[in-house]
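J.: Submitted below is the structure of interest, expressed as structure tokens.
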Amino acid sequence: MNKTWLIIRREFLSRVRKRSFLVMTLLGPILFGGLMVAPALVASIPDGPKGILILDESGLLSESGIQSDDKHELRYLRPLEYNKESALALLKEKEEYDVLFHVPLSESGDPDFWKRNAALYGKEDVSLGLENYATDVLEKAILEHKLLAENVDPAVVANARTKVDLKTFNLSESAERESATEIKIVVGYAAGFFIYIFIFLYSAQIMRGVIEEKTNRIVEVLISSVRPFQMMIGKIFGIGSVGVLQFAIWVILSIVIFQVASSAFLDTQLDPEQIAAGAEVSTKGFDIIGQIESLPLYTILFGFLFFFVGGYLLYGALFAAVGAAVDSETDTQQFMAPLAIPLVLGLIVSSNVIENPHSDLAFWFSVIPFTSPIVMMVRIPFDVPAWELALSMGMMIIGFLATTWFAGRIYRVGILMYGKKTSYKELWKWIRYNPS
Amino acid sequence: MDSLLEAIEINKSYEGHRALSDLSIQIPRGSIYGLLGPNGAGKTSFIRIINQITAPDSGKILFDGHPLKPADIARIGYLPEERGLYKKMTVGEQALYLCRLKGLSQNDAKTRLKEWFERFEIESWWNKKIEELSKGMAQKVQFIVTVLHKPDLLIFDEPFTGFDPINTELIKSEIRRLNKEGATIIFSTHRMESVEEICDHITLINKSKKVLEGPLKKVRDDFRTNTFKIAYTGDAEKVTSTISQNFELIDDHAWHDHREATVKLPEGTAPNALLQSVLPIAVVDHFEEVIPSVNDIFIRMVQKGSAS
């Protein structure tokens, strides 16, 4: 049997048989499923209304009819009975109130005075939610005050306001149908994020595996039987197949758990708006199946498999080289940064690419092999021109071959170096060094 | 001479450091060959070249008459100085894996491993993990894995580190047995005394260069200085003055209940002459030639080399 195949087999079996593999494989989907369901569940937990003391010295808020709602319990303090100090004392004393909203008297009658001088006092740090609420309330009151000063009826303005929910169409798609931007965002981002996680998890395992062989000193025993390159490739493919197996199980189990969980909790306990808030699915509630069908499904699937494997191989080889260059995991820091930065950058850029999937930024980051596995996946649901996809894939293959070659040269020298701290200068020598 | 391995003018440099310069060695088929020298002399570099882990900058290696080729690694067994095993893998599985990497089939590897495990009486270890074994036990497993594919050439780099005296003897006798069965053995070590009794040929390497080579007996003969040690009971003053008249007295001191003198004879003089002069005046308890150890020879060679 081929030696590389023997190595792949060992790397695969020794990991799959571990108890931790079984535990992670079973727990993973529970965690994933939990991550998907948890926000919806959390949102469904009833939260009591916040108590707000209002010292409205100029009567601004009460005039615009700001009243308690189900989230905010307001209590207006009479300006004749209270000043700021006594109001603050009351806030400290009464447990049921969280903040004091102080709107001072504007002696000149200038409405912008309130904008500058109104303040919110909390027992602790004021929460963002309360701050937003107070800001909204004050803005509304000031607006009404200004409108009245100009003799405009606020009811007319409120009536004139129109909320628009624009439908968008994509003419390039086969049928003229409503484009499904939200679902594309979810699919693209999820795919990109999956690849990102996969690369990080399993490339790190390759690195640890190489370090383990070095510290065990088995490496020189092996190297008299197999070429360093065979060792490296065997390790990358062996661990990669563990990852593919684990991810396949995760995906299947996650879908099952998500289905079970959503039918158990979501239908009965939550209103549709909250589900939408949790899962970031369209709030419009129209035909999701139809939207999914409008996506370039085969391209997405093919692209995912390609960039999934390609990205892993590209980074896997580099992480193997890092493992070979160091003696222990604590020494990996200096070499990890240049590998982690493009990966993280890919993820950061993705949030911009989602907004504008056909920009120059999106193009370049989806062609450069170090970021393309993530960024291209985010773009594919938005119909990337075929030539761009081909270019990106071609670059990916070239990139993978280049990093493997590069990593192989570091690897074969590095695995036989013990007890020496490696610098970048040293690595460069290894790459140029020609032993045969 | 029929050589199994022949190195011809091997040169190897690392960045700013010469590891081997023009090293030529012939390793006779069926010999136990000592590759001796201090740490950093270039021994491991040379061994890595034989194992095709690295390639020489220049020079040639002939193995069994042909230039060394990748397929030859199946005929070489190598126990490196830096050695170890996967800690989490079981002994049996690991041994099988390593043997299969050497090109043995699953069945062959299993049958032979069984034999060796029985010989070393370690069958019960098969399902244990390496981390459960002591260092010496792991070394035994490592030894078996090195020799299992019945290689024609066995290379041991500092083989006895980590073994207790009993296991050292066990391994030595196994090595002799393998040698009798036809394997050629290379020992690489800086502990010269550890191989004196086992090697029949040696090469001394110092600072990347070969300083001495040949059959161990010849090397020692070359370094004999016609010096003898004579242990006697009698009047020390009388004996030493008698010896000094005809020979060079190097040392004379009391040792337990008798005295011991070290005497160098002029070249060509037989030891009988010394005995004849001492016998009438003292009782000779013991008489032997002082034969230099490989260690002495090495130190002498290195000192000579640095002096010239």
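Cβ coordinates are placed from backbone N, Cα and C, and glycine is handled just like the others.
These numbers come from a predicted model, not from an experiment.
Okay, so TrEMBL annotates it like this:
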- A:19-407: domain 'ABC-2 type transporter transmembrane' (DOMAIN)
- A:21-42: transmembrane segment (TRANSMEM)
- A:186-204: transmembrane segment (TRANSMEM)
- A:236-261: transmembrane segment (TRANSMEM)
- A:300-323: transmembrane segment (TRANSMEM)
- A:335-355: transmembrane segment (TRANSMEM)
- A:389-408: transmembrane segment (TRANSMEM)
J.: Which residues of the same chain, at least 6 past either end of the transmembrane segment (A:389-408), have a Cβ under 8 Å from a Cβ in it?
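T.: Residues 228-229, 232-233, 299, 303, 306-307, 310-311, 313-315, 317-318, 320-321, 366-370, 372-373, 376, 380, 431.
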J.: In terms of Cβ proximity under 8 Å, which residues at least six beyond the ends of the transmembrane segment (A:335-355) contact it?
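T.: Distant contacts of the transmembrane segment (A:335-355): 185, 188-189, 192-193, 196, 199-200, 203, 315, 318-319, 322, 325-326, 361-362, 365-366, 370-375, 378-379.
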J.: Select the range from A:186-204, A:236-261, A:300-323 that forms the most Cβ-Cβ pairs under 8 Å with the transmembrane segment (A:21-42).
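T.: The stretch with the most contacts is A:236-261.
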